[in-house]
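Going by TrEMBL, these are the annotated features:
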- 15-477: domain 'Aldehyde dehydrogenase' (DOMAIN)
- 152, 176, 179, 180, 251, 382: NAD(+) binding site (BINDING)
- 284: active site, nucleophile (ACT_SITE)
Ligand code: NAD
């Protein structure tokens, strides 16, 4: 048997071994095979990387913005050329199907394309006359070293919400990938190097809590982008802001979908199955609760139940597989505990994922509950697995009232043919990302990823103009220009 390799850190353009004596296993969740070991790097290693990034910042911030953008154009081209390989790495370390992984790579590339627009995105504004002979001009500058902390469920897309815009706007970056999916970033580094990114601009420190705490405390790190669960995001936001850093923390979710009597049934069921069970439900935009109006309820349930029963589960690399494993054994055990809890709380199991679960990998089949009430744990908690709860309501108003009781407010969807219902939904639902007749309302890179309530801590979201604002600070120049003196003859 060949020895499992231990991943390295990437500092100042070099892959270096961690000095830590601790390393944890990285698994292929579809086979339980150990595919690598990830070092639990120390705070000292993080601090060394931050000092390197701080040094690099002083040169990188002075590289002309169009020149920085050109590196990203090259990077985008290389990402496109390596799309299949990137997707395969994602499937192997995360478990999602190759199709889903290709979709993720595409979304990541769109972030790079957006960031390559830095020359126009960084443009400031000016007013030629704010008083007699006085004008005002607003310029944008990078903030310094940025730390990025990412979750396991999107090893490519989520880092791409952060570093392309951060470096395009002139910052340097330290990435702390999820210790469960740390492989993809190696390929990103290879392609960044091939794009001509100078040493020290993008650095990677592998690890877990200690590295995160190091990022929160380090004096050179001025801004932190976090994506992950609610308890960790809340901690990162509080501690990071206590240490006077700017922090954006995109956190957990429990997304609600409302299906009205006038919804198109085939489209609705197809979209909901994909949104609930795609990526094994391990998406912050997954459909978790479906609130269905009385008139369409029976027909909807029948179709949802029968089509969900046909889902092909297996290794995401195999043809036709739709549902891959959850990320780890403990996630599978936790999912099964939630299914048991749902039964104990009095919900009815329409489709039981325990029956189709398999021990070849961390597989749990699709699960559907009906008769779910808002005081049940399966309604309240983010389960982050292929478990769907159904609630019956009499109308849209009741559906919105149910959804708005959630502590989370990331995405919400409505299936209907009625424009007035769409407007009522938009005006009254508590959620930052809305979908109409579609299941996963993840905004494109040009818009902010704008969760509300406990789904987000901070004020500027990732992506869109918010992303540009987050990674830049402003200098406003107020200047008096006196009339030039001219010779009498002129
Ligand atoms: P997680 O919170 O366990 O981990 C996220 C990051 O925080 C990892 O890099 C991890 O090493 C670090 N971390 C974990 N525990 C820590 C601790 N106690 N102290 C310091 N650092 C710690 O999240 P996860 O399980 O990797 O990802 C799933 C979660 O991410 C879900 O809640 C999901 O909704 C959320 N998510 C949110 C969005 C969004 O845009 N809102 C997007 C993707 C994922």
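The backbone N, Cα and C atoms fix where each Cβ goes, glycine too.
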Within the predicted model, mean pLDDT of the domain 'Aldehyde dehydrogenase' (15-477): 98
Residues satisfying Cβ distance under 8 Å from residue 152 (NAD(+) binding site), sequence separation of at least 6: 94, 178, 180, 181, 282, 327
Whole-number Å value for how far residue 284 (active site, nucleophile) lies from residue 382 (NAD(+) binding site) (Cα to Cα): 9
Inter-residue C-alpha distance, the residue listed as 'active site, nucleophile' and residue 251 (NAD(+) binding site) (nearest angstrom): 8
CB contacts for residue 251 (NAD(+) binding site) [other CB atoms within 10 A, all chains]: 27
Which same-chain residues, if any, lie at least 6 apart from residue 176 (NAD(+) binding site) yet have Cβ under 8 Å of it: 46, 147, 148, 149, 150, 204, 205, 206, 207, 211, 212, 215
Span of 152, 176, 179, 180, 251, 382 around NAD(+) - largest C-alpha separation, Å: 24
Same chain, 6+ residues apart, C-beta under 8 Å of the C-beta of residue 179 (NAD(+) binding site), given in sequence order: 24, 26, 38, 40, 206, 207, 208
Per DSSP, three-state class assigned to residue 176 (NAD(+) binding site): strand
